[in-house]
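For reference, the structure discussed in these notes is given below.
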């Protein structure tokens with residue numbers, strides 16, 4: 001029955017009842033005196049009921065409500081894209097890198113997809129005889145059983161045809177509710193209009209769950225009997241068909257007795273449906289279940305090679321494009337991203353070296369997050385969101401690079417202190433106060449061990465991360481200027497107290513991704529792009545359903561960006577970033593630390609943010625919760641610097657190698673760089689040419705392994721397609 005005809009019936013019935021009500025109104029006016037006398041003798045409740053025609057009114061209201069619900073469910077069915085279902089079930093969601101090369105896949109609830117010709121006729125018949133005996137005759141709905149389920153408020157089982165079950169498995173939850181049953185009804189009608197019975201049966205058998213994490217008849221046949229779906233015997237087919245009612249309850253690995261009893265019931269159904277005779281039933285029922293069990297299922301091949309990046313892709317698809325996790329994983333999408341596999345692989349290999357990360361006395365590793373972002377487009381080229389021990393476990397782990405809320409420490413100074421100063425016309429060598437000051441109740445000093453002096457030039461104040469000049473600058477320019485700048489650079493300043501401490505990051509919460517986006521403005525001539533992972537998403541039919549539109553926001557003038565870069569070049573040559581400086585590459589940027597509340601000699605957060613015209617690398621290090629047992633010793637140069645330098649040294653060779661057009665502020669003022677390649681290497685034994693070569697080699701192996709696995713899978717898929725075509729020629 002077509003949906004349009006259903007609504008025609010609703011409307012005709014509605015019109016009929018309305019017409020009858022109008023007729024009854026005219027009739028009562030013509031009643032005789034005796035009729036009215038009889039009416040007067042009726043009880044007051046019945047009299048009231050009859051006088052105002054409440055039966056008719058309730059009936060019309062009920063029909064109206066039913067009509068509205070029907071319209072809503074009709075709209076739900078029409079808005080659901082059933083055209084893509086077959087393609088979505090056949091294919092996995094694939095993730096592509098920025099060069100549109102396949103980088104991995106999301107498996108979801110998918111098994112090995114096979115065509116109906118590769119599924120045993122015994123298995124097809126067993127399923128139809130048990131789940132939907134009128135399958136080839138009905139239009140997707142068993143109306144009697146469906147309305148029984150509706151009357152019992154969804155509590156009555158067995159009301160679903162194979163088509164309805166396919167609709168439920170593909171689009172709906174497993175809840176036994178009237179709403180779900182009604183949606184299932186309309187979706188089943190839509191599926192019946194779009195697909196043939198053979199296509200529906202094929203999709204159902206490939207999308208059904210068979211327990212033990214196994215989906216689809218092909219993988220289920222291998223899991224329980226060690227054969228392909230085309231090779232299952234009659235008794236094996238009956239066992240698999242019986243599992244559909246309760247995959248865990250009738251699972252032969254969980255209970256041979258329950259599974260055997262259920263198998264025998266299916267065999268009886270097949271006799272009743274005329275698919276087999278009594279002798280075949282008896283013979284199949286005598287087969288010992290345990291003798292048939294043989295597991296040859298190899299499990300799913302994991303293509304989740306870049307966990308932190310793929311997690312971030314899924315999170316962005318959910319939060320930005322309003323897709324559900326289930327849709328993303330199971331609908332066979334093609335997700336094109338900004339991923340650079342060379343960046344990502346090298347970053348992951350660096351994080352696997354746990355000796356680079358501090359460890360608490362109880363053995364807990366400090367956590368960390370790093371982002372590599374292209375400053376012109378905002379495309380994230382690589383991200384690692386957890387230390388390697390945790391990064392490979394599970395799906396959608398917490399990502400410290402994109403989801404954490406940490407104090408930025410001194411990395412906020414270029415944003416809220418020195419950018420407003422440069423915009424106000426301050427010269428880079430302007431002398432700033434560098435002596436201990438008391439501002440009402442707020443007293444500030446430089447970080448432990450850093451000397452104070454009467455004055456210091458602004459470029460030195462930034463490079464050496466001096467607190468006193470930074471706070472003095474905000475005091476001179478006004479706290480409001482600092483807040484305006486922070487908001488302009490994309491920081492959330494709404495709940496931050498308007499105090500001078502904002503110059504040091506007080507009250508501000510951020511993460512490496514957000515800071516990378518902010519610093520991109522310095523690398524991109526004052527234009528800040530929108531950080532993003534996804535460039536576009538296509539559905540299983542190749543239609544673009546979501547896409548990123550590159551946008552840049554002018555946050556500062558190019559001249560201001562150039563002057564800021566000139567000062568931040570000094571961070572890595574003469575300032576706090578010397579130990580973070582990569583070999584053979586020039587970077588600008590800033591370091592940052594946050595003092596531990598219980599001891600100012602320890603730190604809660606350590607940051608290094610560095611950039612070239614081609615890439616921004618933002619790195620954070622710290623324990624999830626800082627306390628007397630979990631803290632970082634020393635400053636950034638003792639912790640985060642080692643990880644940052646390894647990342648920079650391994651991914652910078654893959655960048656175009658663009659150079660800055662501005663001169664280091666130290667050099668402008670006649671001061672030679674303090675860092676040398678020799679000094680950098682002697683600060684950390686892990687940073688050797690052999691070590692870098694090993695990291696790059698292992699990273700290349702990871703990329704090559706991904707490429708080979710994808711290539712092998714495509715060859716296997718293509719070979720299967722060719723073979724199926726050859727077989728079909730002789731059918």
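Glycine residues also receive a Cβ, built from the backbone N, Cα and C atoms like all the rest.
Feature list (source: Swiss-Prot):
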ACT_SITE  131  active site, proton donor
ACT_SITE  410  active site, acyl-ester intermediate
COMPBIAS  676-690  compositional bias 'Polar residues'
REGION    78-300  region 'Transglycosylase'
REGION    674-694  region 'Disordered'
TOPO_DOM  1-56  topological domain 'Cytoplasmic'
TOPO_DOM  78-731  topological domain 'Extracellular'
TRANSMEM  57-77  transmembrane segment
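Taking the Cα atom of each, residue 410 (active site, acyl-ester intermediate) and residue 131 (active site, proton donor) are about 66 angstrom apart. Within 10 Å of the C-beta of residue 131 (active site, proton donor) we count 20 further C-beta atoms, all protein chains included.
The residue listed as 'active site, acyl-ester intermediate' is surrounded by 24 other CB atoms, counting those within 10 A of its CB over all protein chains shown. The average pLDDT the prediction assigns to the topological domain 'Extracellular' (78-731) is 88.
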